[in-house]
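Since the structure comes first, as structure tokens, the remarks are kept for the end.
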Amino acid sequence: MTLDLFEDALPSPWREDIAPGAVVLHGFVREHGPELLAAINRVVAQVPWRHFTTPGGFTMSVAMSWCGNGWSSSRQGYRYSTHDSVSGKCWPAIPAILMALADEAAQQAGFGHYVPDSCLINRYDPGSKLSLHQDKDEHDFSAPIVSVSLGLPAVFQFGGLQRSDKTQRIPLVHGDVVVWGGPSRLCFHGIMPVKEGYHSLVGPHRINITLRKAF
DNA sequence: CAGTTCCC
DNA sequence: GGGT
């Protein structure tokens with residue numbers, strides 16, 4: 001796997017700055033859907049989709065899989081893990097194409113080279129959503145979050161450092177990548193309920209891939 | 001409070 | 001639809 005898959009320059013209209021340290025790279029991986037989905041399918045074969053319970057005791061509508069370091073939620077709280085406590089084995093490695101994507105997207109967004117150690121894969125069926133939250137379980141807030149949208153469109157909410165801050169609503173479609181870090185690293189964000197639909201490559205789902213540095 | 005319900 |  002080469003590192004130049006995503007090196008093509010982006011025309012300026014494709015880059016949208018939404019806040020200091022937060023950028024939408026519209027269509028950044030639009031041409032790479034099949035390879036990305038193949039990589040995701042290989043991960044999901046090893047780490048089947050799972051619906052977690054929140055600390056409050058509710059079931060999340062989003063189904064999750066992961067590679068690199070894993071994330072989990074339970075009544076005890078959220079946490080990252082290096083391995084599967086059932087099998088004793090490490091979670092599957094992050095596929096090279098996702099490492100390359102993360103590095104190139106982080107560079108395009110102005111964060112320089114990026115070597116994430118965790119990749120969470122979220123499947124949104126119609127009606128699934130993720131309410132406003134912060135990604136704050138990672139040990140390293142100096143690294144940005146790289147978020148890839150595939151399949152059905154969705155409306156991304158991006159707010160400020162306080163839950164009560166006004167939020168922007170940003171439509172995301174298949175192939176869009178959002179990167180946030182630096183002063184935006186702990187901004188509240190979420191996904192509005194996904195509408196019914198069918199995508200020719202992904203089917204009746206939205207798939208979101210987030211790359212982060214957990215440890 | 002990574003949810004749901006309710007209210008404007 | 002948007003805030004809570």
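Cβ coordinates are placed from backbone N, Cα and C, and glycine is handled just like the others.
Annotation source TrEMBL lists substrate binding site at A:TRP71, A:TYR78, A:ARG79, A:TYR80, A:ASP137, A:ARG163. Sequence annotations record features per position, and here TrEMBL assigns domain 'Fe2OG dioxygenase' to A:115-215. Annotation comment: TrEMBL describes A:ASN122, A:ARG123, A:TYR124, A:ARG206, A:ILE207, A:ASN208, A:ILE209, A:THR210, A:LEU211, A:ARG212 as 2-oxoglutarate binding site. For A:HIS133, A:ASP135, A:HIS189, the entry in TrEMBL reads Fe cation binding site.
Scoring each of the binding-site residues (A:ARG79, A:HIS133, A:ARG163, A:HIS189) by how many neighbouring Cβ atoms lie within 10 Å, the top position goes to A:HIS189. DSSP assigns A:ASP137 (substrate binding site) to coil in the three-state reduction, placing it in neither a helix nor a strand. Using a 10 Å radius centred on the Cβ of A:LEU211 (2-oxoglutarate binding site) and all shown protein chains, the other Cβ atoms total 28.
Among the binding-site residues listed (A:TYR78, A:TYR80, A:ASP135, A:HIS189), A:HIS189 has its Cα nearest to the Cα of A:TYR124 (2-oxoglutarate binding site). Of the listed binding-site residues A:TRP71, A:TYR78, A:TYR80, A:TYR124, the Cβ environment within 10 Å is emptiest of other Cβ atoms at A:TYR78.
Take the mean position of the Cβ atoms of A:HIS133, A:ASP135, A:HIS189, the recorded Fe cation site; other residues of that chain with a Cβ within 8 Å of it are A:LEU130, A:LEU132, A:GLN134, A:LYS136, A:CYS187, A:PHE188, A:GLY190. The shortest Cα-Cα distance from A:HIS133 (Fe cation binding site) to any of the binding-site residues (A:TRP71, A:TYR78, A:ASN122, A:ILE207) is found for A:TYR78. Here the C-alpha separation of A:ARG79 (substrate binding site) and A:HIS189 (Fe cation binding site) works out to 19 Å.
Around the Cβ of A:ASP135 (Fe cation binding site), the number of neighbouring Cβ atoms within 10 Å comes to 20. Note on the binding-site residues A:ASN122, A:ASP137, A:ILE207, A:ILE209: the fewest other CB atoms within 10 A surround the CB of A:ASP137. A Cα-Cα distance of 18 Å separates A:ILE209 (2-oxoglutarate binding site) from A:TYR78 (substrate binding site).
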